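Look at TrEMBL and you will find 174-523, 531-711 tagged as domain 'PUM-HD'. Positions annotated as region 'Disordered' by TrEMBL: 697-727. Annotation source TrEMBL lists repeat 'Pumilio' at 88-124, 125-160, 161-196, 197-232, 240-275, 276-311, 350-389, 390-425, 426-461, 462-497, 498-533, 534-569 (among others).
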Amino acid sequence: MISQIIRNFLNGQHIICKIQHVQTVRVAFLHQHSKNVYPAAVLSCGARMASTSSSKWSKLSGEYSNNGGSTLLDDYHNNRAANLQLADLGKHAMAFALDPQGSRFIQQKLGRARSTETAQLIINEISTQVIPLSLHKYGSWVIRSVLEHCTEQQKRPVLEQLHDNVLNLVTDPYGNYVIQHAIEHGLPEDRERIVHILKDDIMKYAQHKFGCLIIEKCLICGTANQKKALIDNVCVGEAQTLQNARQLMADEFGHYVIQKFFEYGTDDQKAQLVDALRGHVLTLSLQIYGGPMIQKALKLVDKTSQMEIIEELTPRACVIRCIKDQYGMHVMNTIFELIEPEQLQFVVDAITDSPSDSVASLCLHEYGNWVIRSVLEHCTEQQKRPVLEQLHENVLSLVTDKHGCFVINHVIEHGLPEDRERIARSLHENVLTLATDKYGSHVIKHVIVHGLPEDRERIVRSLHENITSLSLHECGNWVIRSVLEHCTEQQKRPVLEQLHENVLSLVTDKYGCFVINHVIEHGLPEDRERIARSLHENIISLCLHKYGSWVIRSMLEHCTEQQKRPVLEQLHDNLLNLVTDPYGNYVIQHAIEHGLPEDRERIVRNLKGDILKNAHHKGICSVIEKFFVFGTTEQRNALIDQVCADNGTGKPPLLEMIKQPFANDVVLKMHDFADSAHRDKMMFAIKEHIPALIRLKARQSEHQSRTKSGALVDKRKKSNNNGLLDD
């Protein structure tokens, strides 16, 4: 951490640590002209340390290894190659192309290059290594950038080498992307040559993890004749060709190619694919890869072919199998979306007339409930009425089920008023039980949100005697919050009265505190006033409480100045206890954010001495960070002056803060919000201590290295001991 600070400082860089936000401040605030103020010996020491550390590290890959021994690449990694251009690479181009940062540098420069001569210099250096680079993780990016940004004349030698090695590249994890770029950015004749090479062995490449991507790219970018040549090799011809098409339809990678065939094929070719499907629609619909392919086919074929595919799924047994299948249910839902309601009668009949699978059992099914919801959404009122009748007969068993509750919620949200009314009446006698049920509580909330006023009235009456216990319940508290949000003032007043009578027990409860927070955020001013009065004598104990602190923070945010003033006064009187508490410090942060400027002034004035003595404390550091965000310029400058002043030991407190894991984040905030004069002041406060920071970092690194080595030895010993025990 400290070495990064020193490197940033000595290189004169501004706040490089912002790239990651964490793990660096560390001295990122140091100014651009810092190089001019330091003795040569210090600069030399820091530069050597920066070079040693950074020459082994890469931001992109986590590892930096300059196998080619390129001195220019070393300089680039160590920020010693200012204003580097493509023309400067020369013989170092290959080393850059194989390096994560170097490769990115070449890509960026090629993308912005205005001179064709500049790009030609790179091409000349890599022209003999096109294929090795295309097969390399980082080198392949350089070749793709050449294909994208260079002129036809410049990239022609590159393309010729690629054409000679297409078969090796299309199945390579990096090379395949180079070929895709050649297809996308090359000439039509380049695509023609690639298609000609692939078409005779299309089955092999269509079933390959990377080869299938090339086939898809050819279909996207190719001409009509090129697409036809590829598709005809699979789906036009004798029975064997249709068998090949079916093989691809069920293949992990091939099914993507078939989907592209449906997307880019001619009507005749699509008809051939539908022929290949004939007799296999159900089997494919139930498969992990076949199911999505059937969905795509249904969306892209003409109406006649669409109905031909659906026809194979119309038997009752087929419908039920699809509805209850993980992949088949998606096919059924696609059918609901694509065809007219009148043509969906076969699904409704299968559901309502099934001897073994009732509507209720399908609603309780992991996959079946989705199709029932599609019936309710897409079918006509006449079609779905028999389904709704069966739902009404089984409401109580459905509302407490993991899947069935969502079907009932769908009826409540989208059904007719009379259906909502019937459901609400069915639940009336069981509201209290359902309100504490994991799934039933969702249904009660839906009735409150979407039901009629009289439905809400009945629910509130049913819950009236159990408001407090429900507010303390994991599920019940959500129901109470729904009542508070959606009921009329007259309906929820009895609920609020019970909450006011039990505020103290609710605010310290895991669930009850959220109910009180809801009242504070959305209730009337008089309700907030009553809560503030009820809690007045317990403010500090609540600030130190895991759940109570949330309520106090909500009061500071939503109450009026008059309502929260007594709270703020108690906070000021107990400031030090609160800022060092894991919950109380968040309350103080809220006071800084939502209090008056004079509140912020009092907090900083009371903490001044403690900031310097407790720079290691997370709570105090978090409070000071919040202060720098919301404080005035004068308040920020006063605090910076304090940490930059000599504390009697010859060292500024700022130096100690840099070394602390939480205080260094405060230093970063100081830099972000300070004016230029105070940034300079921070810089000069620590300039004399740079050598000491370097030595400290060296000791820390040595200690970490020894610790890691010891841990590795212990791990090996343990492994050997385990081996002996096994023997």
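Glycine too: its Cβ is placed from the backbone N, Cα and C atoms.
Sequence-distant contacts of the repeat 'Pumilio' (534-569) (same chain, at least 6 residues past either end, Cβ-Cβ under 8 Å): 500, 503-504, 507-510, 512-514, 516-517, 520-521, 525, 528, 577-578, 581, 583-584, 586-587, 590-591, 594-596, 599.
Secondary structure counts, DSSP: the repeat 'Pumilio' (350-389) has 29 helix, 0 strand, 11 coil. Within the same chain, residues 316, 319-320, 323-326, 328-329, 332-333, 336-337, 341-342, 344, 397-398, 401, 403-404, 406-407, 410-411, 414-416, 419 sit at least 6 positions outside the repeat 'Pumilio' (350-389) and bring their C-beta atoms closer than 8 Å to a C-beta of that stretch. Within its own chain, the repeat 'Pumilio' (426-461) is flanked in space by residues 392, 395-396, 399-402, 404-405, 408-409, 412-413, 417, 420, 470, 473, 475-476, 478-479, 482-483, 486-488, 491-492, 494-495, which lie at least six positions past its ends and keep a Cβ under 8 Å from the stretch. Confidence across the repeat 'Pumilio' (88-124), taken as the mean pLDDT and rounded to a whole number, stands at 89. Each residue of the repeat 'Pumilio' (276-311) gets a DSSP state, and the totals for helix, strand and coil are 27 helix, 0 strand, 9 coil. DSSP states for the repeat 'Pumilio' (125-160), grouped as helix (H, G, I), strand (E, B) and coil, give 30 helix, 0 strand, 6 coil. Per DSSP, the secondary structure of the repeat 'Pumilio' (88-124) breaks down as 31 helix, 0 strand, 6 coil.
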